[in-house]
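Engineer: Starting off with a structure, shown below.
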Amino acid sequence: MRAMPEGFRWGVATAAYQIEGSVSADGRGPSIWDTFSATPGAVRHGDTGAIACDHYRRWKQDFALLSELGVSAYRFSLAWPRILPEGTGQVNQSGLDHYRRLVDDLLARGIEPVVTLYHWDLPQALQDRGGWTNRATIDAFARYAEVVAEALGDRVPRWITLNEPWVSSFVGYGSGRHAPGIADGRSALLAAHHLLCAHGAAVPVLRETSGQVGVTVNLSPVRPVTPEDADAARRVDGCQNRWFLDPLLAGRYPEDMIEWYGFADAEPGDLESIAAPLDFLGVNYYTRTWVASGDRDVPHPVHPSLDAHQVLPEKLPRTLMGWTIEPDGLRELLVRLRTDYPGLPPVLITENGAAFDDYVDPEGGVDDEERIAFLAGHLSALADAIDAGVDVRGYFCWSLLDNFEWAEGYGRRFGLYHVDYATQHRLAKASARWYADVVKRNGLP
Ligand SMILES: N=[N+]=NCCCCNC(=O)[C@@H]1[C@H]2[C@H](O)[C@@H](O)[C@H](O)[C@@H](CO)[C@@H]12
C-alpha cells in the first residue's frame, strides 16, 4: 500500500472548450479555438468543439460521475467568451449563472471546485487586436478576473489563473500548431511574457477572495539523447521549463535564455508582478522530453515545436500521442523543483493521464489496462517524490471524459469515462473503477 498524506486531494480535470459544446448558446462569444478549429487542415479530421461532450447541457449527469468516482476535488475551466463575449466590455450574466450553478452543485456534493480562469479559449475579439502579443490583453485578463472574483469569490476554494502558458504561447504563437495558429518566434516570446504578466495582474485580484491562488505549468524533464546534445537539451529545458518557473518562482528570466532569445520586452515592474506569491503551483506532467541537436545549425531562436528536436529512444513505450511513458520523470521533476526553487509553494499535480487505443469490447466494456498501469506508475512515482520531501497536496487525473484533444480532435481519448460522440453516452472504463478504489483507499493498493 502506497498511502498518500492525510487530507490529500484526489480529483479529475477538464477544460471548457474540450467538453462543453454549445459554443453559441446563451450569449457566448467566439474564441480563438472556434476560429482555429474551423480553419481547414488545422485540426485532425476537421473536428471542432462545437458539440464536444455536450457538457454545457449534460453537466449534472457528468457531476454524478464525479460522485461515483468519490473524488474530493474537481478541476475545470471557465470559458472567458461565455462571461465576456467580447473579452472586455459587457458582462454576460448567463455565462456567470452557468458557472454559479456548477460551483454550487459541486459544493453540495462535497467536492472542492478548482477553477481555471484560462485554458486556451481566448475571446476572438481580443485576438483581433493581437491577442497575447498585445500588452492590452493583460488588463483585459485582470478585468475578467475581477468579474469572476465578484461572482464566485465567496465559494471557490482554489483558483488557477492560467493553464500551461508555454503551450498557449510557444505552440499557439510559435509553432502555429494550436490557436491562434501563428508561427513566429518573437510573437511566442511576447505572448509568453504577456501571459505571465496577466497571471501577475490577476493574483492580487483573486487574493481578495476566500480562495487560494495558483498557476498551472506543464513541466517535462529534458534529457539529451547523446552527451553531444547537452547544450541543445539545456536550451529546451530553458524554453519549456525555466522560462516560466524562473519568473514565477524567482522573479527573473533565466540569463542564458535571455541571451539566446535576445529577449528585451519586459517592462519595469513586470517581473515583480509575475512573481506574486502563490498558495500553490499546479504541475501538469505527461512525459520526458528527449533532445538531439542533430542538425548542427543553430535551431530557431524559439523552439516552435519540440518535435523538431525530439528523438525518442525507440526502447521506451509510448502513448497514442507518441509521448514516452516515463513515470519516474514525475519524481525527477518534483525533486528538481524542490532543489532549484527554494520559494516552491505546495504543489498540486493538476494533470496527469494518457491516451491509448480504447475501444468498447463485445461485452460492452472498455478494459483500459494500459491506462491503469500508466496511472499506477505515476502515482507510485508521486509517492516517491513525497517520500523525498516534496510537499504535494493533490492529484488530478486528466481526464474525467474523453474529449476534444485540441489539434488531434476526438481521435485521442484521455478519459476515465468513454464518450460515444454519436449518442453522448458515457461509459466507465476499467480505469474509472480502479481510480475510484485508489481514491477510496487514499493511495495505491
Ligand atoms: N511532446 N510533448 N509533450 C507533452 C505535453 C505537451 C503539452 N500538452 C499538454 O500538456 C496538454 C495538457 C492540456 O492542459 C490539456 O488540455 C490536454 O488535453 C492534455 C493532453 O494533451 C495536456
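Here the Cβ of each residue, glycine as well, is placed from N, Cα and C on the backbone.
These came from TrEMBL, pasted as-is:
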ACT_SITE  E164  active site, proton donor
ACT_SITE  E351  active site, nucleophile
BINDING   Q18, H119, N163, Y286, W398, E405, W406  substrate binding site
Engineer: Quick check: in three-state DSSP terms, what is N163 (substrate binding site)?
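Structural biologist: Once the DSSP labels are grouped into three classes, N163 (substrate binding site) ends up as strand.
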Engineer: Roughly how many angstrom lie between the C-alpha atoms of N163 (substrate binding site) and E351 (active site, nucleophile)?
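Structural biologist: Pair distance, Cα basis, whole Å: 10 Å.
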Engineer: Using DSSP and three states only, what is Y286 (substrate binding site)?
Structural biologist: coil
Engineer: Compute the C-alpha separation of Q18 (substrate binding site) from the residue listed as 'active site, nucleophile', stating it in Å without decimals.
Structural biologist: 14
Engineer: How many Å separate the two farthest-apart Cα atoms among the substrate-binding residues Q18, H119, N163, Y286, W398, E405, W406?
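Structural biologist: Between the most distant Cα atoms of the substrate site, 18 Å.
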Engineer: What are the non-local neighbours of W406 (substrate binding site), defined as same-chain residues 6+ apart in sequence with CB under 8 A from its CB?
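Structural biologist: Correct list: Q18, W33, V43, W120, H178.
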Engineer: Sort out the sequence-distant neighbours of W398 (substrate binding site) for me: same chain, 6+ apart, CB within less than 8 Å of its CB, listed by position.
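Structural biologist: Once residues fewer than 6 apart are set aside, W398 (substrate binding site) is near V12, A13, N284, E351, N352, G353, F414.
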Engineer: Of H119, Y286, E405, which binding-site residues are close to E164 (active site, proton donor), meaning a Cα within 10 Å of its Cα?
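Structural biologist: Final answer, ordered: H119.
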Engineer: Once the DSSP letters are reduced so that anything not helix or strand counts as coil, what is Q18 (substrate binding site)?
Structural biologist: helix
